[in-house]
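Peer 1: Annotation comment: TrEMBL describes 6-26, 38-58, 64-81, 93-113, 125-144, 156-176, 188-208 as transmembrane segment.
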Amino acid sequence: MDFLQLLSCACIIFTVGMFTTGLTDLKKMKTTQSADNVQFLPFLTTCLNNLGWLYYGLLKGDGTVISVNIIGAFLQTLYIITYCHYAKDKRRVFSQTLTMVSVLCVGWVYFTVVIPSGEAQLSQLGLACSVFTISMYLSPLTDLLDIVRNKSVERLSFSLTVATFFTSTSWTLYGLQLHDYYIMVPNTPGIFTSLIRFFLFWWFGAIIPNKPSYKLIQI
């Protein structure tokens, strides 16, 4: 097995492992028969991200990108359906889901009808997916500021941080090997935000030794 194949396996294993962290929320919803303490928007945005990268993988013919995002889209759809079943405010859930479907339809028309097929189509789709992925990695930074102010990392998941670090690192190296900057660049922020989380775990765990610093999420 060469280095690229090893990276491909690592990307699949680590990314699927990160996606399955949502099974904890799914189990919580089934146990409590409620979706009150679960966030719905991350399921939608992750599903949208998966479908965008799936289209990119299909256009490029990249089996690793295709496999990972098929699994990711399936799991996110499962989480969305479960959330819709247990949610009390179904009107809000329906409107957010309808917005995502509308964005998908507009994107599909733009990239299949407006943009001519070929290199331009692939590059513009790659750029759009990259920007969306970067925004997803950077969105939790506001939560990190709150953690610094409160000097507590109880809101962070250590296992998810580890999964994000290895996932981002494997995809960054995979993109570097393929000279595909649309894969490499958007995953780089995931490495840095994970390192920031590791530092917060170490720092606040060290200065508050008598208080549990985090809660593990079972994968």
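Every residue gets a Cβ built from N, Cα and C, even glycine.
Give me the local environment of each listed feature.
Peer 2: Here the transmembrane segment (6-26) has Cβ contacts under 8 Å with residues 38, 43, 46, 63-64, 67-68, 71-72, 75-76, 78-79, 82, 157, 159-160, 163-164, 166-167, 170-171, 173-174, 177, 217-219 of the same chain, all six or more residues outside its ends.
Counting residues 6+ beyond its ends, the transmembrane segment (38-58) has Cβ neighbours under 8 Å at 19, 22, 25, 28-29, 64-66, 68-70, 72-73, 76-77, 79-80, 83, 87, 93, 96-97, 100, 103-104, 107, 111, 122, 125-126, 128-129, 132-133, 136, 182 in the same chain.
Remote same-chain residues near the transmembrane segment (64-81) are listed as 8, 11-12, 15-16, 19-20, 22, 25-26, 40, 43-44, 46-47, 50-51, 53-54, 56-58, 97, 174, 183 (criterion: CB distance under 8 Å, separation of at least six residues from the stretch ends).
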Peer 1: Can you tell me which parts of the same chain pack against the transmembrane segment (125-144), counting only residues 6+ beyond its ends and a CB-CB cutoff under 8 A?
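Peer 2: The answer is 45-46, 48-49, 52-53, 55-56, 59, 107, 111, 115, 155, 168, 180, 182-183, 185-187, 189-190, 193, 196-197, 200.
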